[in-house]
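*Asks:* Among the features that Swiss-Prot reports, transmembrane segment is placed at 16-36, 108-128, 142-162, 192-212, 234-254, 277-297, 315-335, 380-400, 413-433, 456-476, 591-611, 612-632 (among others), with the record citing sequence analysis. Per Swiss-Prot, the feature heme b 1; low-spin binding site maps to HIS105, HIS420. Annotation comment: Swiss-Prot describes HIS283, TYR287, HIS332, HIS333 as Cu cation binding site. The feature heme b 2; high-spin binding site is assigned by Swiss-Prot to HIS418.
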Amino acid sequence: MLGKLDWSAIPFDQPIPLIAGAVVLVAILAVLVWVVVKGHLPYLWHEWITSVDHKRIGVMYILLASIMLLRGGSDAIMMRIQQAVAYQSQGYLPPEHYNQIFSAHGTIMIFFVAMPFVIGLMNLVVPLQLGVRDVAFPTLNSVGFWLTATGALLVNLSLVIGEFARTGWLAFPPLSGLSYSPGVGVDYYAWSLQISGVGTLVAGINLVTTVLKLRTKGMNYLRMPMFCWTTLASNLLIVAAFPILTATLAMLLLDRYLGFHFFTNEAGGNVMMFMNLIWAWGHPEVYILVLPAFGIFSEVVSTFSGKALFGYRSMVLATMAICVISFMVWLHHFFTMGAGPDVNAIFGIASMIIAVPTGVKIYNWLFTMYGGRIRFATPMLWAVGFMVTFIIGGLTGVLVAVPPADFMLHNSMFLVAHFHNVIIGGVLFGAFAGFEYWFPKAFGFRLDERWGKLAFWFTFLGFYVTFMPLYIAGMLGMTRRLQHYDVAAWRPWMLVAAAGMAVLTIGVICQIMQLVVSIRNREALRDRTGDPWDGRSLEWATSSPPPVFNFAFSPDVRGEDAYWDMKTHARQQSFEHDAPEYHDIEMPRNSPTGFICAFFATIMGFALIWHIWWMVILGGIGAFATFVVFAWRDHDEYVIPADEVARIDRINLEERRSLVSMAGVV
């Protein structure tokens, strides 16, 4: 009836996961009770859970990423403490628990922190920058988010029901095969990524279509903001790379469930095929994450330097070059597999070549800053911190792209430091910069600068104190994923890294405090102009937060920096006519399709993990029926009357006119 599921799945004999799970469960129940008692449930259902508004979906992606950051960050703290105290001892984490922690940490931070964060920012901002009212497929946008949330839920369920994979975040066979991982841990890993991967693929298709087909009048490709270009490149990579991940995990699941032997050498399979396939997805995944961050930094550096982005067309070419070359370097992750010097040399050279367009971007940002009137607001601090940090990560990346060096450093702590150098210094710094930069647009008030700068400095310094020692430990021969060690030379560096993690944690606490203080002081921090940073692209041409329809009139773009051009030439449509002619606007209707699909996907995923076959059938039929019902709906839109559009727009115009007049601009 319940397949493999019984009371032994609850870790009653393991106090750490049991207590952690109990705390999470109590917190969830407390939030649910508060929502119901305060009467917020109808509001949440109508305005958020069933919303297909790209802005709200973007915010929900970012909220999911923030929650999972706390979970993934907690795993990181536990690992750093374990390695600090595990010299000539077993530390406080048993090996099987430690292995689950580093596997969950990598999986969560890549798939459920970095991915949702950048997709959330893309959802929030790209339609506004393109001057359009929503993404191409609003309901599928909701489906994509809720499937991602389903994957995150399954990962967290493994904390208290069963176990997670002990294989590392890429689950290499034969360790991930039934012979070495007979439990449900790898199944939790694979099904959570399969379900969330479908959501990511849907989001990628949606954003590619939006950029290619829904630009406002006058916005040709070479007038798009750089963030739109990097969004296009990133989502093209999603569309091309995520089917590889889906197929690879499907073959692994067939090995585990039906006794296939795709990756079993002794039965005619080939374990190296898994390595090739997973990294054929895995290296483009790095650029799926970092390219949107590059776009964010382009927007931030240009805005806070008070200048147009230097070398715009070269930035476009560099972005698309990275998009293409990222598919040609995957083998540098396993030079030691024995492919031979010729193959290694080709992929090593390709890995060095991809640094060239990245270098072009760095120089263009520096030239943009040169001669500008730089304002070191919090988003700009994250941008400058990124440039310093990412250069170090890039240099160490070029080093491990040299096959002889990689033979010495492969699977060492040097590699761990390099990877975090790129992902934290590139992706997370970019996500934080974008969060600070576009927060006023999403919520109508700025974040507190004092707490923001404290968060930056603690995070920046904490990062270096945490990860620079790992480079040294790697060069001293320390391999990664060690639950304990006996080499005295490694211990001082593990102690320093643990101290650095404490500083990083203070940085996260400062970010939480920044949010709390900003919400408390939101009236004093209110943005009534819609343009708190003196921005250059179209998202700043509407109110903060924007109305549901984004723009009362489609903007007319006549240059690269569309809104800056409007401000410079006093051609804002807001000021062109005293009595513009408003029209009805058709908008997509809210839909529970995404939430219902996710509900049935959760049932099906959980049942597949525990081999509860009747529940698998129930979940599959429910998900399929939901899609059929959605497909046969005839009325998916509603109309906002012209009078209502006029009322909302005039309130915005009057407030902006009064503020502009007070500033002496008009």
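Using the three backbone atoms N, Cα and C, a Cβ is placed for every residue, glycine included.
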*Asks:* How many other Cβ atoms are found within 10 Å of the Cβ atom of HIS333 (Cu cation binding site), counting all protein chains shown?
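*Replies:* Taking every protein chain into account, the count is 22.
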*Asks:* What whole-number Å value do you get for the CA-CA distance of HIS283 (Cu cation binding site) and HIS420 (heme b 1; low-spin binding site)?
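*Replies:* With the alpha carbons as reference points, the distance is 14 Å.
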*Asks:* Given the Cu cation site residues HIS283, TYR287, HIS332, HIS333, which other residues of that chain have a Cβ within 8 Å of the mean position of their Cβ atoms, reported in sequence order?
*Replies:* TRP279, GLY282, PRO284, VAL286, SER326, VAL329, TRP330, SER351
*Asks:* Between HIS420 (heme b 1; low-spin binding site) and HIS332 (Cu cation binding site), how far is it from one CA atom to the other, in Å?
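*Replies:* Checking the Cα atoms of HIS420 (heme b 1; low-spin binding site) and HIS332 (Cu cation binding site) gives a distance of 17 Å.
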*Asks:* Whole-number answer please: how many Å between the C-alpha atoms of the residue listed as 'heme b 2; high-spin binding site' and TYR287 (Cu cation binding site)?
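*Replies:* A Cα-Cα distance of 15 Å.
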*Asks:* Within this structure, do the transmembrane segment (591-611) and the transmembrane segment (142-162) have 3 or more Cβ pairs under 8 angstroms, counting pairs 6 or more apart in sequence?
*Replies:* yes
*Asks:* Between HIS105 (heme b 1; low-spin binding site) and TYR287 (Cu cation binding site), how many Å separate their Cα atoms?
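*Replies:* With the alpha carbons as reference points, the distance is 20 Å.
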*Asks:* Cβ distance under 8 Å to HIS332 (Cu cation binding site), same chain, sequence separation 6 or more: which residues?
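*Replies:* Listed in sequence order: HIS283, PHE347, GLY348, ALA350, SER351, VAL400, ALA401, ASP406.
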*Asks:* Same chain only, please: residues at least 6 beyond the ends of the transmembrane segment (591-611) with a C-beta under 8 Å from a C-beta of the stretch. Say none if there are none.
*Replies:* 2-5, 9, 49-50, 52, 139, 141-147, 149-150, 153-154, 157, 162, 184, 187-188, 191-192, 194-195, 618-620, 622-623, 626-627, 629-630, 636
*Asks:* With an 8 Å cut-off on Cβ pairs and a sequence gap of 6 or more, do the transmembrane segment (413-433) and the transmembrane segment (108-128) reach 3 or more such pairs?
*Replies:* yes
